[in-house]
Amino acid sequence: MMGIGVSPGIAIGKAFVLKEIPTNSPKQSYFNYQEENQRLEKCLSTVRLQLENIRAKAEAKLGDKAQILDAQILITQDEELLTFVRGKLKEGLSAEAAVHDGVEFYAELLASMDNDYMRERAADIRDVGQRMIRHLLGVEQSDLAHLPESYIIVAHDLTPSDTATMDQERVLGFVTEIGGRTSHTAIMARTLEIPAVVGMVDGTSIIKTGDLVVFDGESGELVLNPSEETLMVYSAKQKKERESRARLQALKEQPSMTQDGRQVLIAANIGTPKDCEGALKHGAEGVGLFRTEFLYLNRDTLPSEDEQFQAYKAALEEMAPNSVIIRTLDVGGDKEIPYLGLGKESNPFLGYRAIRVCLRQTEIFKTQLRALLRASVYGKLGIMYPMISSLDEVRQANAILADTKAELATEGIAVSPDVEVGIMIEIPSAALISDILAKEVDFFSIGTNDLIQYTTAVDRLNENIASLYTPYHPGVLRLVQKVIENGHNSGIWVGMCGEAAGETALIPLLLGMGLDEFSMSAISVLEARELIGKLNYAEIQAWVPEVLAIGTAEGIKEALRLKSIRG
Ligand SMILES: C=C(OP(=O)(O)O)C(=O)O
């Protein structure tokens, strides 16, 4: 079977298939009201306890992200819902049918409201309802927080709450039916260093819990119930991979330098300050992208200035003296924050998102900037604005930053004089005017995840057109080259924090174009350093024009492959 390899590593283990359970439970009636009522009450307290246990466990590991479970615990105590369910029981329905009807009634009511927050609550109610019905039907499915042994998780998709609460020690790999290289599951898998394959169509129907599964998180190849021979091949690959990781550790303290002395920076992408640990373990020379959305997700209100300050300070202190580039709020697209009430849009990736929200709802932006500036004295900070499409936006954002700095100065709060300010280049219009934008900022970081989708009109999350989503498209690469050239002409450094920066086959070309900083999943840092150490910058620079003259993504890929074979 073939999927899309999104997190490297060989996974070998038993499958644990997360089935969506049917919500249309049969309308059974009961024979004894007392008995049925007792079943319901027992189920309520068991499920509440389960959720509280998951929450406690998740909190120890994940801090704020565990708040996602609070809403679910509250549902098990919701008087209105419970009165409805108990009423159904009195009408003669079985406990599971009563729960089903109650949950569906309220979920549909919430889902029909013109409010994202309420719609989100509908999903929560259904989640809790499924857990209760499963318990009542005796088809309890161990949740990912309490896996009895180590498994490869197979699911249609994994939600942020699944990955936030799962028992990481016992998850050998992820296989999902949907998603692409830049989907939530993929990014989480790489951060957690768990091999993963997405886009495995019909995976949950073909694979059964208990089946032996082996897969390669790089190539996307999966073998179900492999022969002895195949198993041996994969075991050998896994052993080799572990040896190679151990060997790479020797490069941890080394600079990222080519044979002829061109030095670049290899940094890591993180989602929370906790991820700095992994970044340092893998020898990252800083953080090239701190996605601050995670501070805003899975909660009901905006994080306070102080809460944010603590998170930014922690990351800066941990990575000092190396720099941490912190991206201001990039809400929208696939990152919904229901309590902001931004409303449903027909084209969310082209809509009211990121810097567009920050420039209109300036209080949100200012709170974040204040927290960032206050934290700046604890390390080397870079502030980065996402989704810049025009010069006006950069100027407006910088004006708000200047106001915020002045405000802090009058309050007598110290701010580092060395804060760098940069922008993500992820929209073609910004790439095309990067010569002009370069005069306003200290650095560019190319966000290829979005730049690819906006340049080629290919939705980055749609597995149906995943083959069209490629960083090797000559149109994308020409824009990348233009941005680097324009940045350098204005004397600023240019980095890349999209997933393409960690794509082994592409690294030589990016290096040859003059990219100064590569920011990637921590797990890829040492491999990239090893590769760069084998390259000769002057030679590669000489063949960049030849590669960029090729008209197709496949042609470019092939040319890069041949170059790497020839050395
Ligand atoms: C790094 C990027 O941003 P996101 O968080 O949207 O993946 C990008 O677009 O390349």
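Quick reminder: no glycine exception, Cβ is built from N, Cα and C everywhere.
Just so you know, TrEMBL annotations are computer predictions that nobody has curated.
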TrEMBL phosphoenolpyruvate site partner of Arg291, Asn449, Asp450, Arg460, selected from Arg245, Arg247, Arg262, Arg327: Arg327
Integer Å distance between the CA atoms belonging to His184 (active site, tele-phosphohistidine intermediate) and Cys497 (active site, proton donor): 16
CB within-chain contacts under 8 A for Arg460 (phosphoenolpyruvate binding site), separation at least 6: Gly180, Arg181, Thr182, Ser183, Asn449, Asp450, Ile452, Gln453, Tyr469
Average pLDDT across the domain 'PEP-utilising enzyme mobile' (148-220), rounded to a whole number: 87
Span of Arg291, Arg327, Asn449, Asp450, Arg460 around phosphoenolpyruvate - largest C-alpha separation, Å: 20
Those recorded positions listed as His184, Arg327, and which of them has the most Cβ atoms within 10 Å of its own Cβ: Arg327
Cys497 (active site, proton donor) in three-state DSSP notation: coil
Proximal residue to His184 (active site, tele-phosphohistidine intermediate) among binding-site residues Arg291, Arg327, Glu426 (C-alpha distance): Arg291
